[in-house]
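Asks: Under the heading NADP(+) binding site, Swiss-Prot lists Arg48, Arg54. Taken from Swiss-Prot, the feature FMN binding site covers Arg125, Ser126, Ser127, Asn238, Ala239, Gly278, Lys293, Pro294, Thr295, Ser296, Ser297, Arg319, and the record attributes it to sequence analysis.
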Amino acid sequence: MSGNTLGTLFCVTNFGESHGPAIGCVVDGCPPGLPLEAADIQAELDRRRPGTSRHVTQRQEADQVEILSGVYEGVTTGTPIGLLIRNTDARSKDYSNIADTFRPGHADFAYWRKYGVRDPRGGGRSSARLTAPTVAAGAIAKKWLAGQFGVRVRGYMSQLGPIAIPFSSWDDVPGNAFYAPNAAVVPELEAYMDQLRRDGDSVGARIEVVAEGLPAGWGEPIYDRLDADIAHAMMGLNAVKGVSLGAGFESIAQRGSEHGDEITPEGFASNHAGGVLGGISTGQPITVSLAIKPTSSIRVERRSVNRAGEPVMVQTLGRHDPCVGIRATPIAEALLALVLIDHALRQRAQCGG
């Protein structure tokens, strides 16, 4: 199966399945000399870890990362960094009833038509479980970007289902399970999710990710544009159905006199461009919005077919996130950091900066 590697100079190859012995990644191209220990990576993994609240899957995975290579005496050596996360709480029997059927909205049908075989246990390769190695690699990227350029990447949830979450403060984000930037809205979110779980259904979300502190000049023209690579990476996150930068789809209703960010001696007067013009960073914060669809694995019965093409009713049992957007924030942060470190290294290679 191809398509498992992200990046040009800072490359991350992801491997494993949801119910296999382990998942992990190989990070190739990390500069040498970066102080790195497992605790640096674990802090990010713990933000994404399942079973941390009643609003996410109750699968209990410690997600303890093992650094297999590429680090010696606490610093990176410049050689490939092998990261391993063992699966310890898989319950494959929960999927025996859907081994020969296709769940509506899931990757089951598409995988089977492409490969002629699929692993139904927890979604196999298409499971959101495979985002853990992405977060692990992103932790390395975050640390390097912060140390070299002072770049900070962070995110939050701006909408859960029909509930908009007005931004209040970054300080509110780590204090709740939703990564909501407004503590006053959290009780409403909790009540909504409690009812959703009782209904056996799921819902989507909107996530915002912001990168601050990067210089102008990162990115490439035409095919390797910085914004194109960001969109490419974000669409690799399970359940993402839309990506926009800056004003995004609101640009449709704007006039050019409003949308074009005016430039003053002090800098840009606005940031409708989301920090990227012509595929290259402007030095403004990069702002990315993600639309995340409802989880496909739900207890509500839906119509489908089996491998013989016969009509069936599908009900997915097991442990699932009723809203995958709740745990998506640290994953989206990791993906943005991975794209940025790759372009930082490309800029250094081409222009020396």
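Note that Cβ sites are derived from N, Cα and C of the backbone, with glycine treated the same way.
Describe the structural context of these features.
Replies: In the three-state DSSP scheme, Arg48 (NADP(+) binding site) is classed as helix. Around Arg48 (NADP(+) binding site), the C-beta neighbours below 8 angstroms that are at least 6 residues distant in the chain are Asp63, Thr131, Ala132, Val135, Arg327, Pro330, Ile331.
Of all the Cβ atoms in the protein chains shown, 20 others lie within 10 Å of the Cβ of Ser127 (FMN binding site).
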Asks: Count the Cβ atoms, other than its own, that fall within 10 Å of the Cβ of Lys293 (FMN binding site), considering every protein chain shown.
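Replies: I get 17 for this one.
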Asks: Fewest other Cβ atoms within 10 Å: which of the binding-site residues Thr295, Ser297 wins that one? Let me know.
Replies: Thr295
Asks: Other than its own, how many Cβ atoms are within 10 Å of the Cβ belonging to Arg125 (FMN binding site)?
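Replies: There are 21 such Cβ atoms around Arg125 (FMN binding site).
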Asks: Tally every other Cβ atom lying within 10 Å of the Cβ atom of Ala239 (FMN binding site).
Replies: 21
